[in-house]
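J.: Sharing a structure, written as structure tokens. Questions coming.
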């Protein structure tokens with residue numbers, strides 16, 4: 001029982017990341033009709049915004065400490081971060097400690113700008129081109145972004161910890177009447193789940209309750225009619241792209257304490273997120289979110305050793321197996337609308 | 001079409017012959033030479049084949065730094081590094097046999113195919129007479145086989161799988177680095193001492209060759225001191241999030257987790273195991289423990305605070321007090337500003353050992369080099385007296401058991417040496433079951 005609850009929690013976490021990326025993919029596909037293979041790169045860039053902010057906060061000047069020696073036996077050079085110099089040791093340390101949550105504030109404008117630049121600078125020229133062209137160009141863009149990040153940050157994962165207050169784990173089991181240590185779950189993963197729920201809620205509320213959102217939904221239902229009604233669809237397309245980029249970026253920022261950022265993390269998540277989108281139904285926002293969580297949980301269960309012992313290798317193929325079954329029985333995905341990708 | 005001599009059939013014949021000639025690797029066609037890539041009188045070219053991209057790129061970069069340093073020292077530049085402490089004193093800073101040392105580099109991309117093609121290009125196009133480097137056992141085994149076929153010497157870099165000098169051993173290949181068996185043999189007594197002899201271990205193992213041999217070696221060594229193996233689970237390479245593999249561990253009856261992961265995978269799985277509270281947890285009435293069989297400083301810096309107090313094994317560490325290690329650390333540290341990794345050390349030493357063997361043999365002929373290296377005993381290159389065993393071309397030397405340091409003095413001071421396991425304790429018979437099935441064959445000089 002404990003094992004099952006733990007795997008559900010794991011699945012919800014992984015599912016949160018899948019759902020956030022798939023949500024952005026669906027927003028772009030649903031409104032602009034573009035299959036954006038560079039979306040995983042946006043997730044990765046978000047994570048590296050957190051890394052960069054952490055590095056900026058850690059920028060230091062060197063003080064020679066004669067009482068200690070370094071690895072060559074020379075006097076030790078001690079690094080003192082500028083923020084500790086400016087704000088005092090305690091406040092400075094707290095700023096460094098909270099760099100991941102603080103990165104959210106920085107990431108929103110940065111991701112918006114990157115999204116706008118991507119859409120205006122490249123993707124808009126491919127709206128009328130076939131999906132294959134869009135996939136090629138966005139996939140190429142993803143590789144370019146990935147290589148740029150690697151050139152600057154190296155190939156090794158860069159640990160970017162959560163604030164001290166959220167390190168360690170929480171005995172979820174004891175809260176609901178289990179033995180101590182039966183269900184222990186890291187604080188930050190609970191935070192991530194809550195954060196994902198808030199972002200998903202905010203995106204849905206935005207689409208549901210604002211005029212802009214109404215037009216976007218109308219556009220997703222019938223793009224041409226909305227265009228004929230004289231709405232400046234170009235501007236809205238750009239905005240949608242920026243929003244999708246922000247969602248992916250924030251998902252990446254908050255994921256850094258869970259998975260040390262590395263340059264190929266975007267690609268790792270992208271493939272799975274596409275499966276999520278297809279299973280959920282191309283163009284269905286609710287489907288993307290539901291399928292994200294569903295596949296996250298299924299993948300977690302498939303990684304249990306009892307399950308692997310029963311069906312060896314199931315942990316590596318479960319996602320694709322589900323995708324095949326869903327597409328065979330419901331070609332438009334769980335919550336997909338008729339007509340999308342069927343023309 | 002006035003040329004009557006050029007018939008259609010003749011043209012086809014000529015074309016086919018040219019095609020065959022072009023398709024034949026040059027190392028099979030140079031019958032005029034005594035051996036493949038025999039160097040001229042002024043210079044000799046070495047091939048440094050390291051991962052410059054991909055998940056082990058940082059290790060590869062460090063290997064390359066060390067190889068460049070070795071070339072400097074061989075050519076009489078810099079402070080000479082370990083040339084001064086090496087027990088064999090035939091290298092005098094005038095290159096190798098009076099020829100200036102030059103080098104070419106290749107990118108293995110941590111992929112066997114890419115590594116083979118970059119090694120092939122270094123041998124065929126650049127005339128490299130020896131290849132060294134690598135940072136994956138899959139790559140090492142593939143390149144070793146290629147070098148055997150091409151008739152040049154392969155001085156393996158970082159490769160820890162038993163198979164490199166076990167079932168896949170080759171006469172032209174030599175390994176200075178330690179292996180899975182040695183890690184297990186060195187770790188087990190230290191672990192029994194620290195954590196008791198009745199532990200229940202749970203293994204998460206990287207799903208490829210190195211993972212299998214390392215899991216087997218550590219399992220057999222710890223079972224021999226009384227430990228019990230609760231479960232072994234294979235995890236995909238590059239899984240990223242290992243949480244769904246880690247969460248079942250606490251309820252499984254295990255009180256010890258062995259993470260047979262390397263590189264980025266180890267960084268992630270260890271960090272996540274700590275996040276999931278395994279370090280604070282209790283099982284079977286005692287503290288839960290985590291073990292990482294193969295440690296490196298580069299990985300340790302990736303995992304941050306998560307490594308504190310965790311046992312593992314390593315081939316070499318810059319804080320070793322012997323003169324050779326200190327000379328290398330000083331030379332490398334002054335040139336690059338940080339201490340060398342174990343990958344850097346092994347590649348530097350392998351380059352020196354090759355140059356030394358050529359000099360002692362008085363010939364670049366691979367068969368002469370093989371003869372000079374087989375059964376060669378040396379000292380002064382770190383890890384104490386070392387033997388290049390003739391039977392399997394594996395080096396036998398002391399193995400370090402290390403632990404993540406609790407209060408590091410500086411950013412490089414991440415591992416503390418807990419024990420220097422004497423070489424006798426990690427020595428095994430060449431036909432030990434974990435190494436069985438291999439055949440060195442005979443040396444191949446190429447042409």
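A Cβ is built for glycine as well, from the same backbone N, Cα and C atoms used for every other residue.
TrEMBL labels come from automatic prediction, so no person has curated them.
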J.: Choose the correct range: of A:16-35, A:76-95, which one does TrEMBL annotate as transmembrane segment? Give that range.
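T.: That would be A:16-35, the stretch labelled transmembrane segment in TrEMBL.
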J.: Before we move on, state whether the transmembrane segment (A:190-216) and the transmembrane segment (A:310-328) share at least 3 Cβ pairs under 8 Å, counting only pairs 6 or more apart in sequence.
T.: no
J.: Would you say the transmembrane segment (A:16-35) and the transmembrane segment (A:270-298) are in contact under the rule of three or more C-beta pairs closer than 8 Å, pairs 6 or more apart in sequence?
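T.: Yes, the transmembrane segment (A:270-298) and the transmembrane segment (A:16-35) are in contact.
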J.: With the transmembrane segment (A:42-64) as the reference, which stretch in A:16-35, A:102-123, A:310-328 has the largest tally of C-beta pairs below 8 Å?
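T.: Comparing A:16-35, A:102-123, A:310-328 against the transmembrane segment (A:42-64), the winner is A:102-123.
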